[in-house]
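J.: Pulled these from TrEMBL:
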| type | residues | note |
| --- | --- | --- |
| TRANSMEM | A:25-47 | transmembrane segment |
| TRANSMEM | A:79-99 | transmembrane segment |
| TRANSMEM | A:111-131 | transmembrane segment |
| TRANSMEM | A:137-157 | transmembrane segment |
| TRANSMEM | A:164-186 | transmembrane segment |
| TRANSMEM | A:206-226 | transmembrane segment |
| TRANSMEM | A:294-315 | transmembrane segment |
| TRANSMEM | A:321-342 | transmembrane segment |
């Protein structure tokens, strides 16, 4: 005889012979709706452009039933960008979720460990000083970001890394690099400075299949690792002592999660510049939509993908002049989270 | 049978007295450092001027070119540094006490975002090009946006700090995005904004600073008035209410003080980051959690950091200068990191 556990919410239990899982009903419904919205948004983005297509044409091009011009437009021109927006958005959402849950701070994202500022510094040096190629830019951003993250971690390390100390050291190093970046922009000539600032805002311009394939492969591996670590993540949310009492090796798990979060953001930043705000806002939106107690990964990934797709659509087709996608993600994400906050406040009255 | 020895704590009375004497001595040292930096800020500059000439310029003015440099450049920027630094330090202490989040800086409730956006609009759309023109835009933008954030983050039961911080981040993001869209499509605005965004206390005529001073005065008074209730609120909202603290009134007064101080400082100098973030942390590690002491130390330490950074910015790249907003992080961050590593730094 089995006793039923009351989780306080409706749950969906799946049992197979060697596998059992319990899902929250609301999360399942919300995630399905989000996945449909992502698919719809992707088809819409594939339809739109100077050569307008119908949904049917897009689907038949994707399934390989058409060839010629329509196939080239959809698969060769538009799909890389759409795929990049989808995959990068999801990666950023998960990266933010990992950071916010590990450090238990709703303001935490990979930016606080100095990664974004560091990669911007690396890119600025390549653009303004070396005047390098695309792949040199990728390298510069990666080296700058990773070196900064490592420096922050080592400076915060003193018989283990404690969340508060990591945040403070991150603030300090980020502030220094931010100042350096301001200085580089201030001293550069105007055209170069604007080009660098466009990269710094995060842009999917000129993304092609090789970059999406390389980035996507990395991200796929990292997402699997993230999904596997969702249980210790939830235990860390209880606090270091409680997690340790449950048998979690706190410092190792935290280091692993931080490396994971930074690696996700690093991949995206190297390919497209630091697309701001998705990692900060997607976990918060996901959590509010599913009304879950903590930060969960799947809603964060789906919200991130949707946000990035919608923002890129608006940046390309709705804005009066084409803009970097990062500017729109900031406006869209900020506005939507604000709206959620208002409705949440009204509901609690 | 072994005697159970209870170690009596030393008499609480003497502990407090010696504790506050130590804090008082620290305060006097901080005051001396600040005074020394004020003098240094007038004496040191990109051109070497002898102390005798400086003395003459201040007390026996003539039409000499060196005296002109002292009176019209170094003296105003020293005064501006003192005023702006003080305001930023107290504003930072207020926001950290209010939100209990170590990532919170005075700009987080939308002050910087509002000021920056208003200046971007003034520069990009209205074609205003000088500080006289956009000073009041910046101040107005800061005030309006903080009020918006306050409204967004409030429920009928009062304000939750987390809600206010998130609301500030949202409003800041939307305005920041709109601002950069405007800048990236308008090279003139981009050019003006990249220097405004660096944060500087040069070329701010004192005539511009005087009208802001009354706002600073009100802000400082309010800050010290709410320091007692904020101490009680550090124990948690319920305990604070039990002690007779009016939560809503305290929070609203603290936010008004914060906005006047940070908004005024940003209007004068542009968004100078890090001072308001770092100084209250350092003050808290020196004096412990009492807000009154944290405010008092912030009043002295923040202008010291700002003036030291400004002096350094004048001498490292002679004859050129680095804007103070860029130097503060390079002066302050190593100190902050060393402290958080070697002291038993407390959270909030």
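Keep in mind that glycine also has a Cβ here, set from the backbone N, Cα and C atoms.
Because TrEMBL annotations are produced automatically, they should be read as predictions rather than curated entries.
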J.: Any chance you could find the range in A:25-47, A:79-99, A:137-157, A:321-342 with the most Cβ pairs under 8 Å to the transmembrane segment (A:294-315)?
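T.: Against the transmembrane segment (A:294-315), the leading stretch is A:79-99.
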J.: Thinking of Cβ pairs under 8 Å, which stretch from A:25-47, A:137-157, A:164-186, A:321-342 has the most of them with the transmembrane segment (A:111-131)?
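T.: When the Cβ pairs under 8 Å are tallied, A:137-157 comes out ahead.
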J.: Where else in the chain does the transmembrane segment (A:321-342) make close Cβ contacts, counting only residues six or more beyond its ends and a cut-off under 8 Å?
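T.: 85, 198, 201-205, 272-278, 280-282, 284-285, 288-289, 307-308, 310-312, 314-315.
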